[in-house]
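A.B. asks: What follows is a structure written as structure tokens; I'll ask about it next.
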Number of protein chains: 2
Amino acid sequence: MKIAFLGPQASFTQLAATQLFADDELLPKANILDCFTAVENGEADKAVVPLENSIEGTVSMTLDYLYKIPEIKIEAEAVMPIAHHLMIHPANEIHEIEKIYSHPQALAQSFHFLNTNFRDVQKQDFSSTAAAAKYISENPDLKRAAVANQFAAHLYGLKIINRNIQDFEQNHTRFIVISKQNTPYMNKNLSVLGEKSGLLITLPEDHPGGLHQVLSVFAWRKMNLSKIESRTLKTGLGNYFFFITVVGKWDAVLYENALKELIALNTEVDFLGSYREYLLKS
Amino acid sequence: MKIAFLGPQASFTQLAATQLFADDELLPKANILDCFTAVENGEADKAVVPLENSIEGTVSMTLDYLYKIPEIKIEAEAVMPIAHHLMIHPANEIHEIEKIYSHPQALAQSFHFLNTNFRDVQKQDFSSTAAAAKYISENPDLKRAAVANQFAAHLYGLKIINRNIQDFEQNHTRFIVISKQNTPYMNKNLSVLGEKSGLLITLPEDHPGGLHQVLSVFAWRKMNLSKIESRTLKTGLGNYFFFITVVGKWDAVLYENALKELIALNTEVDFLGSYREYLLKS
């Protein structure tokens, strides 16, 4: 199979994609739209894109394209602990380093470590952590370091000097696997954290209590929500759709009845699928 | 006053900050955390950071830092239509252009225009639209173009070749003004779109219907929500806080009673302020 992912090479999304699709052909894409387009036009069978907390790309775009391209569904969700490492070219020594390169969000997420240990070393923004690592590997004479993931260190032959320099241990990035098939993805080699279902719900009009009414459908059935996010419709200000994920194993009768009740409320519902949540390695 | 903003120079956030604070000193910051830190430690009186749909920085960070630093409140919200322009060095001609540089999200947002008119011209990612514009201005011999905003064109003396090349007319970026004062920001020179109030609500535990119970507090009072977003707590998977904005003019009794009722439900509530929503120029 061909799997599109949000590139460049050695991005965090590639780190997710290589674990989710170890035996498939991976196609790096420049942005989230290109990942959706590749699935839509058949160039790729599936795609791996960030859903939450990513430093690569504005994740709200993922929700917007799920809304705009209704034939694209979710096959799986995958959670990866964020781990940033400080790395240099093996020909260099850490005390020689004059500048540290990375994506601005990775620099921000490693602020306390960098501020404590490399306060006087200049930090410089790169378009991605992977691009910073690649640049380091190609310019050993410049005496630079990069903050990137260990996949980048491996791919570009860099030496990791400090591991896990991120400020918070419990920080995660979420990814989803998307396709047009609407069949759940299964992988016996990864830990399963749980099951959930995703829905996009558009309210008939903007009125007080509208969302409350929608959530009643889930509340009295004791269906627990694990995520809710409102997004502005592109038709103008003040119109919204909601991305909701419901926790738990798929129950045909319960869910089908909830969907019928949502439609009876005059909402538009795009059922994105019922799928597993996997745990990835950082 | 000193106003921190998410830089670099000529970023969309600077375009917002110059309209919101025309007479104040603006301090560019490398990332969203630095903006919050500058306000927290008193280096800046206020900061302008993206809240929604930005191509500069992961906006979920804004919600996380609002949660992590409770003394920082919201003074205003500002909406700016997104407008991307194609620009070149005035010494060049458009037919000579060999590469187009920009932030990957700006290239994605201009996909249809670029694909129709510059299909065979190579696109290359930059860490920001502003950095791309700056590079163009410094390298006239390279015959490159940039996709950036008109503030960048003006600042770096570039010639705009095509205006408004973004795919959707009705695409907006939202910003907030943050400070420790908790006093609403007022500006008579900008159009006011409305008034709203922001809250961060943490549920006592993860149980079915918990959010529904919280939204009941707003629903029966006919308080309309304009945004709701769940964010994972950094304590681990499965724990959430919610960012909610409520539409409408501040009503002391109604809102105070709603807050009391939320607290009676054992939720933790951080009231972020009641403030105006302004319309900015793109």
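Here the Cβ of each residue, glycine as well, is placed from N, Cα and C on the backbone.
Checked TrEMBL, it gives:
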DOMAIN    A:2-180  domain 'Prephenate dehydratase'
DOMAIN    A:199-276  domain 'ACT'
SITE      A:Thr173  site 'Essential for prephenate dehydratase activity'
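What does the local environment look like for each feature on the list?
C.D. replies: Regional average pLDDT for the domain 'Prephenate dehydratase' (A:2-180) in the model is 91.
For the domain 'ACT' (A:199-276), the number of residues in each DSSP class (helix H, G, I; strand E, B; coil) is 23 helix, 29 strand, 26 coil.
Residue environment of A:Thr173 (site 'Essential for prephenate dehydratase activity') contains 24 other Cβ atoms, counted within 10 Å of its Cβ in all protein chains.
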